[in-house]
């Protein structure tokens, strides 16, 4: 079995793979003030709840966009699992050719998603990840990572609205029947959700055109992340949702580097 960790700005997602099957996964809050032992205690509880033992784990791989937390996580893995984890970054084999001006600038999460999507779909791709930031990534059939777009995430955008507009209440992000709304709560909900769906469709249409102009076939659009399902219900551009895309990418990269 292997343990995979996707460390994001808001959450850490952990998964356990037995061969190619994801048998357990959990979500913890990202907190760079926690010590290795505090994270270790949390992981002990999760393993115990699922009748798993640390001795079952033969390898660990981590993807992180939060450098300040890595010391605690690496120390936790070393202390509790007695394993040196693979850290996704320069020098790790991914099979993806990064065409960025400076490849080191590309977030590990974006590369991991590209690895998974290329492995699964084997076609030109646009990958949308609805995380703390929303990212759009273009990947060719030949596994060339062309680049993409980064937007403020849905929660960041809505939090900014609530923080800066004193009279506007915080609302649950749920779909409204339409956009001509009769109260403030529904008006905010429709603005965020339908506005974001429109943003997705416009960026995807522009990205598709640019990829086709480069000689690619029409890309397949796959979405992942916490708000993927909500936005996909209104977006006309998303072909498929893959909720475990990042975890799958970590598994594939582990296999390439073990």
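Using the three backbone atoms N, Cα and C, a Cβ is placed for every residue, glycine included.
Sequence-distant contacts (6 or more apart, same chain, Cβ under 8 Å) of residue 109 (active site, proton acceptor) comprise 6, 8, 63, 65, 129, 131, 135, 246. Annotated active site, proton acceptor per Swiss-Prot: 109, in sequence order, evidence recorded as sequence analysis.
The ATP binding site feature in Swiss-Prot is assigned to 6, 7, 8, 9, 10, 11, 12, 13, 132; the stated evidence is sequence analysis. All protein chains shown were included, and the count of other CB atoms within 10 Å of the CB of residue 8 (ATP binding site) stands at 22.
Neighbour count (other Cβ atoms within 10 Å of the Cβ, all protein chains): 22 for residue 108 (substrate binding site). Annotation source Swiss-Prot lists substrate binding site at 100, 107, 108, 109, 110, 184, citing sequence analysis.
Per Swiss-Prot, the feature K(+) binding site maps to 129; the stated evidence is sequence analysis. Classification of residue 129 (K(+) binding site) by DSSP places it within a strand.
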- Query: Near residue 184 (substrate binding site), which residues of its chain come within a Cβ-Cβ distance under 8 Å, counting only those 6 or more away in sequence?
  - Reply: 168, 169
- residue 132 (ATP binding site) CB neighbourhood, other CB atoms within 10 A: 20
- State which of the following binding-site residues has the fewest other Cβ atoms within 10 Å around its Cβ: 6, 100, 107. 100
- Give me the largest Cα to Cα distance among 6, 7, 8, 9, 10, 11, 12, 13, 132, the residues the record lists as binding ATP, in Å as a whole number. 13
- Message: My understanding is the cutoff is Cβ-Cβ under 8 Å with a sequence separation of 6 or more in the same chain; which residues meet that for residue 110 (substrate binding site)?
- Response: 127, 129, 135, 137, 145, 148
- Largest separation between Cα atoms (Å) of residues that the record links to substrate, namely 100, 107, 108, 109, 110, 184: 43
